[in-house]
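What follows is a single structure, written as structure tokens, with notes after it.
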């Protein structure tokens, strides 16, 4: 397959090195352009937790002149290639060629980021062929993420692929592999529970909303305080399709900034002061609060008044603050569902364990899917090999035919002799390769190969 992946992630390298190896902004497009000089297509995935180069390496042998300079390892690699060529061992030679390409990409990456190979090599991991395919699928499915099963990585890979397409760095063959990886990752997520449960506070809060309310466009979300945690929660809940959002905050500028983030043609956004909280509480179906205040902002009395005003329609209250913003006694009120940060953490802990259990099934499915993808790749590759074989055969036959036609135009041409000679040459030409292969198999005692070739030739004769 000649697919390789070279990279670092949160498991292999400290954040200080990951920062130095991260490719940001125009670096990705520049890197993709440079990689085209020694790869048959590449994709670069660079996030806060990983920098990875996925590349198809060429089949050609690297000469000493094409290896990067100033690398003692490159000189060693060249000598290994030469010894493999002498040994005439095709399997070892192919492996050595891939190793040489891997070394070149490593050396290039170090130079591109103005680091030495010795600095980064201990932290780099390398996978090749089906192992590279397995790694790519595990990454795309969220099985290699810091948060097991998280879905963002698939979107990040898709953006990386689009960047490669824009830079003309995605070859047809690599594009085919990418399509296979995306389809397989979708199956892993659909057929296992590895990403089904929320494992962050914001996702857990959003999950609660969908469990209690199903007509979200008609619901109102009240955001009490516009800090970072509440911003994440509000973003996730609003993204579910909530039709109206009210933001109460001491600092009007921060409230307006959050309002700008959440603004949507299908969503009403209102900014209020904290002093208006008792009045707007009655309008809220969902409340998310995280103020950092030392005092209770929503007590039992205020909640009872709000419920009465809304004719006791259910309310979901999410209190992410420590100390609490919402009095714990509110949980005793009928029609109010109150969840504290501890409640959500408990839910998350259970969900993480469920994801770990689901990951076992996901890993088994990944192994199965990689086998299927590799078989499809081999079938696809054999199709190309067959086409090339037929093209070469046609060229050889046509060459012999043209020579015979030229002889027919001679003054002393005997058509019968020319036709006999043509058939002899065609027979010799077409049987040379299988005859040579059978003799080689017999000499080496490879009875399995010998039986395969003989059986194939006999089938060919029966079919004609």
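Every residue gets a Cβ built from N, Cα and C, even glycine.
What Swiss-Prot annotates here:
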{"type": "ACT_SITE", "residues": "48", "note": "active site, nucleophile"}
{"type": "BINDING", "residues": "47, 48, 49, 50, 145, 150, 151, 152, 156", "note": "substrate binding site"}
{"type": "BINDING", "residues": "225, 226, 227, 228, 229, 230", "note": "NADP(+) binding site"}
{"type": "SITE", "residues": "135", "note": "site 'Important for activity'"}
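Everything Swiss-Prot records as a feature, shown here on the structure.
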| residue | record | Cβ contacts under 8 Å, 6 or more apart |
| --- | --- | --- |
| 47 | substrate binding site | 153, 156 |
| 48 | active site, nucleophile | 18, 22 |
| 135 | site 'Important for activity' | 5, 127, 144 |
| 145 | substrate binding site | 49, 139, 153 |
| 151 | substrate binding site | 142, 189, 195 |
| 226 | NADP(+) binding site | 234, 247, 249, 251, 254, 255, 257, 258 |
| 228 | NADP(+) binding site | none |
| 229 | NADP(+) binding site | 201, 202, 290, 320 |
| 230 | NADP(+) binding site | 223, 224, 288, 289, 290, 320 |
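Taking every pair among 47, 48, 49, 50, 145, 150, 151, 152, 156, the residues recorded as binding substrate, the greatest CA to CA distance is 15 Å. A Cβ within 8 Å of the Cβ centre of 47, 48, 49, 50, 145, 150, 151, 152, 156, the residues given for substrate, is found for these other residues of the same chain: 146, 153.
Take the mean position of the Cβ atoms of 225, 226, 227, 228, 229, 230, the recorded NADP(+) site; other residues of that chain with a Cβ within 8 Å of it are 223, 231, 233, 290, 291. Taking the binding-site residues 49, 156 in turn and counting surrounding C-beta atoms within 10 angstroms, the largest count is reached at 49. Counting every protein chain shown, the number of other Cβ atoms lying within 10 Å of the Cβ of residue 225 (NADP(+) binding site) is 26.
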